[in-house]
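Swiss-Prot has this to say about the protein:
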type	residues	note
DISULFID	C3-C20	disulfide bond
DISULFID	C13-C41	disulfide bond
DISULFID	C45-C56	disulfide bond
DISULFID	C57-C62	disulfide bond
Amino acid sequence: RICYLAPRDTQICAPGQEICYLKSWDDGSGSIKGKRLEFGCAATCPTVKPGIDIKCCSTDKCNPHPKLA
């Protein structure tokens, strides 16, 4: 699987990691940058705490930055 790890950077995931994910959350700073983002690979869709949104998918490069999709 090939997943984004940053807005324009991809990586071939480790064996067994067939899920790409994109976590997003408001860091509470009121920043004009908007939400914080975390990209990655996983074996299963990660469990997140309340207030964190997560999108998981299982095709190559399926977790792009929302503004670059």
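Just so it is clear, glycine is given a Cβ too, placed from its N, Cα and C backbone atoms.
A straight line from the CA of C45 (disulfide bond) to the CA of C62 (disulfide bond) spans 13 Å.
Geometry remark: C57 (disulfide bond) versus C20 (disulfide bond), CA distance 5 Å. Taking a C-beta cut-off of under 8 angstroms and a sequence separation of 6 or more, C20 (disulfide bond) has the following same-chain neighbours: R1, C3, Y4, C13, F39, G40, C41, C56, C57, S58, T59, D60, K61, C62, N63.
The disulfide-bonded residues considered are C3, C13, C41, C56, C62; of these, C56 has the fewest other C-beta atoms within 10 angstroms of its C-beta. Reduced to three states, the DSSP call for C45 (disulfide bond) is coil.
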